[in-house]
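Visitor: Take this structure, written in structure tokens, and hold onto it; I'll ask about it next.
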């Protein structure tokens, strides 16, 4: 044997071990961190100008409270502790300046509009209790206030119309526990096993049947996780019309299909054995079937979205810039997320897009369910905006924004990460074509859009509010509904009003309607409304006159008046309806933005109803009116508790005024019918429960503006598809092989509850 052979083998083995070690180390090495591209550059002026729409800061809210407490000449109690007979500040929000003033500032170099607040006060400690609205300015250090109540509403606001404060709910619970329930101890102990902690309440609105009423049904549930689907069969009607809490009284009691005069009569009937008892099995604290705790262990991680080169949008203060889009955003305490000064390619296409109301009308054979008509704006879609969970409510690496509000308290409340903004790859092409005829090529554009989102949790329902900005100039407003279904105790003919969800749980049928205000300014403030559609016409084939051809043709109509532009909920509406500018595109067509509604609404409440006028906006899937400063919203927070004499009646906006070449507003209603079913347990999914609208350019541009997107892909059969300069997708192994920096998970949703 060659004596050098062992050394050769040892050296060879060492080389192999070294190579394998390098391979293993390289495979185990962490990929490089993603590098952010240069941030989007914004003009300083646009950011500064957007502040005219900015929500009040906590400091400004506090200054308004301090000013009011020192300048009204009456004592103001903290709303969180106020009795109905007290004076208090119910809410403080931004007073949005008049549009004409804002446009002079934004477009004409005029002065910045005065920054003011709108304060809603309850005056219960007066000879004539009332609700008063004050405009307070000049912020940040207020110097004046003016009463705008009569100017806005044509008269004083009766005190009974006031939305309920949290303190009133607490006082009612104390009344039930200490007064009402004390009259039926045996029944509550033996049937409900009541111990002052194991019962939860859900209240109904409106409060009664006529103006001035303040009677509320309290529906009792087991106090467990997801209590909304754990009714126990007992409902109590409380008359709390008096400002003197000691005068509150039980007006009626309902149990398992039977009505009683009060709790005393219920107790007497039970003790005498004259009640049909349906005892509900006690649920564990986690709710059992209503628990949202996963029933399966964690497994492989779900897909996660990230931006290999950092965000391609910017958020500065309340101003957002993305591709060709820019807009300002805000959060109204009553109506929630709203946008202002929405521009594409530098040109304003809408002045305001905002949520107006979310309405639910319920049916049941129980009194609480059958009398419920929730107008969630009166509770506060902005007030109940909830903190967002990264990775579920929004992509983990979204930009999260804190919001602040002041309601039911003298101090502002911070909702950390309650609004999110993110760019989303929708996983499908915005447009594409694969050519296998004549020339061979592929052209396409990834459908990547910007989303701004908030989620409001109002009682049992969670509303996911989105505004989505696409690269072709389209804008979408969308709401997805989730949360728990509301329920009644199943008895008698209950299945006429829904489906059985559990042993004693009736998922009650209800309609959901949402209303939006869309103030489009297409090519300027003055617009007209045009309808395009189709009709078939019969004609003879010119080359073969004995043959007949049915061909679709375009129909056109200018809608001249508000009456012509008010489309009833279930009526046929032109399929192309658009705001037309006073300018034309390269091809001679009026530039326009089309309104396209996505809705599968149930029926609107009959107009013969005594309360219908309070929700008359829901008569229409679309109504176009002249824009007026005195018609800023389609409803009012005061309509909920006095729908019989509504403070704002939308139907009165439609008075056949001309709408040709005017500043116009579109009021859009979308909705769905919800018949809860077994798959709504433990709670309702968003799939199939999404409605809204699209605003789409219609001859607004000379061609699709997304052709100028940097995300386009095009290659032919003759090109090198692996070359980055030809095909940007070929660069992904390099540009997207980094690992994003995921910050530690945090959530502040349970603080300061």
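Don't overthink the numbers, they just go from 1 along the chain as shown.
Positions of Cβ are set from backbone N, Cα and C atoms, glycine also.
Automated prediction, rather than curation, is the source of TrEMBL annotations.
It should be emphasised that the depicted structure is a prediction, and the values quoted were computed from it without experimental measurement.
Residues or ranges marked as transmembrane segment by TrEMBL: 7-26. The feature domain 'Copper amine oxidase N2-terminal' is assigned by TrEMBL to 76-140. Annotated active site, proton acceptor per TrEMBL: 376, in sequence order. Annotation comment: TrEMBL describes 461 as active site, schiff-base intermediate with substrate. Positions annotated as 2',4',5'-topaquinone by TrEMBL: 461.
Help me understand the surroundings of these features in the structure.
Guide: All protein chains included, residue 376 (active site, proton acceptor) registers 24 other Cβ atoms within 10 Å of its own Cβ.
A C-beta separation below 8 Å, combined with a sequence spacing of at least six in one chain, links residue 461 (active site, schiff-base intermediate with substrate) to 358, 360, 376, 481, 482, 483, 484.
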Visitor: Of the residues in the domain 'Copper amine oxidase N2-terminal' (76-140), how many are helix, strand and coil by DSSP?
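Guide: Counting residues per DSSP class in the domain 'Copper amine oxidase N2-terminal' (76-140), I get 9 helix, 26 strand, 30 coil.
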